[in-house]
Amino acid sequence: MATTGSLDESRRPLATELLIVVAALLAVQLWTGTLWQRVVGPAVRNLPLADALGVDGLGAFLASSFVYSGPLVASVVVIAAVYVRARNVPVGTALPGRSDLAMVVLAVVTPLVLIGVTDLVGNITSVPFKTLVLTAYAERASATFAAGTTLARVFVAVPLALALNQVLVQGSFRSITSSDTAIALTTLLGAFVLGDQGLVGGIGETSKYVGVGLFALASLAVHVSRTRFDARWIWTVAAVPAVLFVVLSGVQWVASIDSIAAGLYGLANVATLGVAAYTYERTDSLLVPALAYASLLVASEAVVFLFEPGPLW
């Protein structure tokens, strides 16, 4: 089982830690969503790597994908590494042992089962799975092409998911609170921030991070009211903004679901994030949550390629 840092939450309220985490995630979002997309990315994308290597077709696609996404992934990993070093955040770099086999199986099988159930329900309710993942393959696309594109997406999505969810978020929480609390907070934060963008490879919108920041401030107000005032009515008033945030967020999430299949796909993403957080906490190995994320992505791509070839709409 993984070890965590000090559990003395009195030295730093959990709401304060949440604010720090949100600030770090906002920095990543600013880099990936603004500076990279608008400035650095276009310049990198125009590099004639495919011509220099003398490849075309799938080779050209993979070369372009790696030359564009490689620096992006590396930059996010560097940001996470700086954060870890600056705050002395524990990172599980060990390989899973024989005693962790059950956790490995859980990480791999859970996304496969959930994606399978989602596709089955989608077929019954006439909701194509590819419209949920927004991915399509031509009817005559080769297995080699599908494998290559899936590999390229795994190359980008899995490191990003690990850097954001396990290193920045879970690593921060597990250093000041219990493992169960860290798992729950990592899952809930990821579910709220990513929303309908999907778990793997998602960064999240700035407005979502601002919302979480406001919730953290509201939670901090609750903490301050309980430590500095004896009157229960003050505690109640201080808790109102935080409670309203949770209720309204839940209502918004339910209202955004337009089909049973879409709801199941959302649950598959949240469950995968939860399994990744749980297995990471139990094994102290980043490889195990990486398998969960890869399993979700590979299963999604396989369903579209094998059972739903053709145009997206």
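We count from 1, first residue shown onward.
Heads up, the Cβ atoms here are built off N, Cα and C, so glycines get one too.
Please treat TrEMBL annotations as automatic predictions, because they have not gone through curation.
What TrEMBL says about this protein:
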- 18-37: transmembrane segment (TRANSMEM)
- 57-84: transmembrane segment (TRANSMEM)
- 104-125: transmembrane segment (TRANSMEM)
- 145-169: transmembrane segment (TRANSMEM)
- 181-203: transmembrane segment (TRANSMEM)
- 209-226: transmembrane segment (TRANSMEM)
- 233-254: transmembrane segment (TRANSMEM)
- 260-279: transmembrane segment (TRANSMEM)
- 286-307: transmembrane segment (TRANSMEM)
> Out of 104-125, 145-169, 286-307, which stretch has the largest tally of CB pairs under 8 angstroms to the transmembrane segment (18-37)?
Replying inline: 145-169
>> If you count every Cβ pair below 8 Å, which range out of 145-169, 260-279, 286-307 shares the most with the transmembrane segment (104-125)?
In response: 260-279
>> How about long-range neighbours of the transmembrane segment (145-169): same chain, 6 or more residues beyond its ends, C-beta under 8 Å?
In response: 21, 24-25, 28, 58, 61-62, 65-66, 69-70, 72-73, 76-77, 79-80, 83-84, 89, 91-92, 137, 185-186, 189-190, 199-201, 203, 273, 276-277, 280, 286, 289-290, 293-294, 297-298, 301-302, 305
